[in-house]
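Swiss-Prot has this to say about the protein:
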ACT_SITE  CYS56  active site, nucleophile
BINDING   THR55, CYS56, ASN57, ARG58, SER114, GLU119, THR120, GLN121, GLN125  substrate binding site
BINDING   GLY194, ALA195, GLY196, GLU197, MET198, ILE199  NADP(+) binding site
SITE      HIS104  site 'Important for activity'
Amino acid sequence: MQLLTIGINHHTAPVALRERVAFPLEQIKPALSTFKSVFLGHPAPNAPEAAILSTCNRTELYCATDDRAARDAAIRWMSDYHRIPADELAPHVYALPQSEAVRHAFRVASGLDSMVLGETQILGQMKNAVRTASEAGSLGTYLNQLFQRTFAVAKEVRGTTEIGAQSVSMAAAAVRLAQRIFEQVAQQRVLFIGAGEMIELCATHFAAQGPRELVVANRTAERGAKLAERFGGRAMPLSDLPARMHEFDIIVSCTASTLPIIGLGAVERAVKARRHRPIFMVDLAVPRDIEPEVGKLKDVFLYTVDDLGAIVREGNASRQAAVAQAEAIIETRVQNFMQWLDARSIVPVIRHMHTQADALRRAELERARKMLARGDDPAAVLDALSQALTNKLIHGPTSALNRANGADRDSLIDLMRGFYQHAPRSSDTSDH
């Protein structure tokens, strides 16, 4: 069984491409079904195991398969699924086989591959991806084991290193950028669009600045109101956004919409109504919530997740000692997992040996029963049974020894010594 990870992330692709390859939550189960039934075309039980991790910064397909051509086929599947030309997508895709796939999973869950070094959000996102794959019936022995060990490694790394200490989060970076535009965030009106985990983190950081007003707009009014209440703000219907956008100095958006919810025309009208007072906008969604053309407007300062990356990286450099410690832990755990994987490769052989031996046993047992039924001496029947089983069980090894020559024979003899502890050494088999 081969492990394989196919993906793109913030290291290999810009947000303009990442948003085209992202999987909305409701599409993941159907996509996994397509992958299993169409991509490799294998009927159960040989269908590949698969899980999809899709976040703002990465889209990754983890799979376990017997197909040796899985790498190219997986990239082709991703290209076809998202209707992106293969020659456009391929340069940005990484394909990680076996131990590289294991190492990558461990690093991702531990926060070592994140834009925000050591951030914890990715671990929850990976657990959700595994839960979704499990519900879709696309997990099996290999990926289950990979992810269970992945979560254990992440816990070990975070518990024994300082990888997450004093990390500069995306939310904190957004506040820093806002302070470059507005000297006092406390004097500004802030609007959050969405009510998910990222918006909650951003609201926490902006609320700490004591803004003049804090408003949450969300498709689900109840959830938006609950979040706003936590921070002493108020909620507004998302449908009011076009008419009221001009009221806000700072707008932070992160929804699960597959299409932009803030267009160029709406922002142009807001800027005009504000008499060209600046608007600071942060788009943390992938796919993006705000049309990219908005960033070209004179009085609009629009930042995406990639733009916030530079500020985040400034805080990452000081924690390289923790990174080295985490990498050492991960490398040890990768080796442990690969030992388990190697051991799994002999399971089919052992199973076949048991099946074959049991078939021999059943055949000889039936033969012995027939002998007893016709009145043969029980002692003679037992002796014949034991002789027949002995001859058939050692037939394979003795035939292999007889066919072997030279060094191969010596190796086989030494191997047989391990099987049959009292067998003579190969050096003792020559005539004296």
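Along the chain as shown, residues are numbered 1 onward.
Any Cβ shown, glycine's included, is placed from N, Cα and C.
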Rounded to an integer, what is the Cα-Cα distance in Å between SER114 (substrate binding site) and CYS56 (active site, nucleophile)?
11
Taking the recorded substrate site as THR55, CYS56, ASN57, ARG58, SER114, GLU119, THR120, GLN121, GLN125, identify the other residues of that chain whose CB atom sits within 8 Å of the mean position of the site's CB atoms, giving them in sequence order.
MET115, VAL116, ILE122
Determine the Cβ neighbour count for GLU197 (NADP(+) binding site): the number of other Cβ atoms within 10 Å of its Cβ.
12
Which residues in the same chain, at least 6 apart in sequence, have a Cβ under 8 Å from the Cβ of GLY196 (NADP(+) binding site)?
CYS254, THR255, ALA256
Cβ within 8 Å of the NADP(+) site centroid (GLY194, ALA195, GLY196, GLU197, MET198, ILE199 excluded): which residues?
PHE192, GLU200, LEU201, CYS202, LEU227, CYS254, THR255
Using a 10 Å cut-off, grab the number of neighbouring Cβ atoms around the Cβ of GLY194 (NADP(+) binding site), all chains included.
27
Max Cα distance spanning THR55, CYS56, ASN57, ARG58, SER114, GLU119, THR120, GLN121, GLN125 (substrate binders), Å?
15
Does DSSP put GLY194 (NADP(+) binding site) in a helix, in a strand, or in coil?
coil
